[in-house]
Amino acid sequence: MSDTKYIFVTGGVTSSLGKGIIAASLAKLLQARGYRTTIQKLDPYINVDPGTLNPYEHGECYVTDDGAETDLDLGHYERFLNVRTSQANNVTTGRIYQSVIEKERRGEFLGKTVQVVPHITNEIKERIQILGKSGDYDIVITEIGGTVGDIESLPYIESVRQLLWELGEHNGIVIHLTLVPFLSAAGELKTKPTQHSVKTLMESGIKADILVCRTEHQISEDIKEKLALFCNVRKEAVIQSIDASTIYDVPLLMQEEGLDTVTLEKLDLPNNTEPNLDQWKEFLQRHKNPKHKVTIGLIGKYVELPDSYKSIQEAFIHAGAANEVDVEVRSVHSEHLSAKNIDKKMMGLDGILVAPGFGERGIEGKVMAVRYARENNIPFLGICLGMQMAVIEFARTVLGLENANSTEMDSETPDPVISLMEEQKSITDMGGTMRLGSWDCHLKEGSLVEKVYGSSDIEERHRHRYEFNNKYKEQMEEAGLVASGFNPRTGLVEVVEIPSHPWFVGVQYHPEYKSTVASPHPLFVGFVKAVLTQKQKQNNASLA
Ligand code: GLN
């Protein structure tokens with residue numbers, strides 16, 4: 001018998017159905033009923049973590065407080081639940097194998113032949129139960145990445161089958177997310193792909209307890225009955241998940257469909273309270289009824305794929321709602337910026353955010369965007385590489401150090417205003433060797449950021465190798481770019497700002513990872529507020 005209840009979320013028919021959002025929405029509903037709930041994601045790929053993946057592959061790499069580089073779904077979990085995730089919340093096949101192979105090398109298997117079953121499956125089962133056994137949660141939701149039937153997913157599905165058996169009835173259930181496509185030629189919704197995917201799951205010995213059906217059209221009662229009969233679930237366990245205008249509507253839609261009620265019933269948990277979603281609804285109300293509108297340019301090099309900057313996009317939604325402002329985020333490809341077109345490309349932007357990134361591609365465009373914001377008094381926020389570009393731009397234009405650069409882009413630069421920390425110079429491995437996770441930061445008294453945070457000691461998450469070079473600090477400060485946040489232990493510069501500018505802030509860390517619905521990030525809230533104020537000021541000036 002286990003005290004913790006387990007919910008497994010699998011996906012069928014196709015990828016990209018939004019398992020992460022469904023898992024987060026269900027978790028929200030359970031949390032709102034008072035259940036301590038967390039979510040973890042198991043990814044079937046062989047990378048040890050997504051840290052070495054190009055954002056074009058799986059979107060943004062999300063970073064937790066404990067420095068885990070994880071799947072972007074963990075961002076949704078934190079944004080919905082306002083509960084911190086950790087290394088234990090994201091496991092990949094690479095990590096599972098790494099750990100089993102390390103145990104084998106240490107002789108822990110006592111001469112046995114090491115196999116997928118039981119060694120890999122045991123490792124998976126152990127990882128699934130780490131959070132449950134911590135005693136911190138009543139319910140653990142485990143999302144299995146990929147689609148059932150994939151070769152890579154098989155050990156995970158087998159582990160789930162074994163765990164369900166071991167946990168016993170009512171202690172573990174399976175929610176299967178599928179697609180019910182609409183064939184316009186036939187004018188109808190089709191249930192066959194779902195039937196097949198439920199069958200594939202059954203071949204592995206798993207019976208879905210609940211079906212969540214993604215659809216672009218309302219699923220009729222008849223179709224629900226048909227799905228129930230042929231997929232062997234009760235009709236009330238067939239849940240429609242219709243396309244929503246915002247992901248933040250999904251918890252309420254799932255509540256209407258009774259996903260939380262049927263889940264509690266299957267887990268034999270009391271269902272005598274209504275979820276308290278007052279704060280959530282208030283956020284939605286503000287999000288959907290903005291009083292003002294601003295346009296903010298997101299200058300990056302992965303802009304073709306909106307998921308590359310997922311947390312930034314979501315942080316703007318939270319900060320927009322907090323200010324009752326509709327924030328239109330306009331993506332600008334940094335590689336397409338040139339001295340000739342910069343005025344045109346920046347036209348209509350009320351604020352400018354220069355995004356994080358790695359490598360040389362597109363950086364000159366980022367420097368140009370910083371200069372445009374600085375010289376035209378446009379509120380500016382630079383995040384990580386964006387902050388580094390702000391420092392480089394200032395060094396080049398204001399200090400006259402024409403070839404100033406980061407040693408990441410030019411190892412021979414005469415003015416390495418951004419460079420490696422001494423202890424990092426000998427590192428050759430790419431995975432997991434950056435400054436990662438939560439670090440303390442002290443904010444300078446009287447600075448803009450201190451005002452924005454309403455506090456002088458903060459903690460923020462990092463993911464970078466290069467740092468502000470303190471050799472240039474004095475020179476920069478004399479010329480007007482002030483280091484206003486630094487690590488109290490190492491003295492590394494974490495924040496720069498220009499006090500003579502209406503709102504110009506560069507941060508070496510990633511504030512976007514910590515913004516949630518319940519707790520919008522102060523830096524984004526302050527930025528959006530400044531963008532609106534500056535826009536109104538300019539409008540008034542042009543009217544006068
Ligand atoms: N490439 C830069 C570094 O490694 C910035 C990284 C980032 O923007 N996350 O320092």
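From the backbone N, Cα and C atoms, a Cβ is placed for every residue, glycine too.
Per TrEMBL, the features are as follows:
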- H510: active site (ACT_SITE)
- E512: active site (ACT_SITE)
- S15, D150, I151, E152, K190, T191, K192, P193, T194, Q195, K226: CTP binding site (BINDING)
- S15, K190, T191, K192, P193, T194, Q195, K226: UTP binding site (BINDING)
- S16, L17, G18, K19, G20, I21, D73, A244: ATP binding site (BINDING)
- Y56, G357, L385, G386, M387, Q388, E408, R465: L-glutamine binding site (BINDING)
- D73, E143: Mg(2+) binding site (BINDING)
- 5-269: domain 'CTP synthase N-terminal' (DOMAIN)
- 1-269: region 'Amidoligase domain' (REGION)
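Sequence features, as recorded in TrEMBL, placed on the structure.
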residue	record	DSSP class
S15	CTP binding site	coil
E143	Mg(2+) binding site	strand
T191	UTP binding site	coil
K226	CTP binding site	helix
L385	L-glutamine binding site	helix
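Cβ neighbours within 10 Å of G18 (ATP binding site), excluding its own Cβ and spanning all shown chains: 20.
The binding-site residues under consideration are L17, I21, I151, L385, M387. Their Cβ neighbour counts within 10 Å are lowest for I151.
Contact annotation for binding-site residues (L17, P193, G357, L385, R465) versus ligand 1: G357, L385, R465, each with CB under 6 Å from a ligand atom. In the three-state DSSP assignment, the secondary structure recorded for I151 (CTP binding site) is coil. Taking the C-alpha positions, the distance from I21 (ATP binding site) to M387 (L-glutamine binding site) comes to 31 Å. Comparing CA positions across the binding-site residues D73, I151, K190, Q195, A244, the one lying closest to M387 (L-glutamine binding site) turns out to be D73. Counting other C-beta atoms within 10 Å of each candidate's C-beta, the recorded positions K190, K226, R465, H510 are led by H510. Model confidence over the domain 'CTP synthase N-terminal' (5-269) is summarised by a mean pLDDT of 94. The Cα of G20 (ATP binding site) lies closest to that of H510, out of the recorded positions K226, L385, H510. Among the residues Y56, G357, L385, G386, M387, Q388, E408, R465 said to bind L-glutamine, no two Cα atoms are farther apart than 23 Å.
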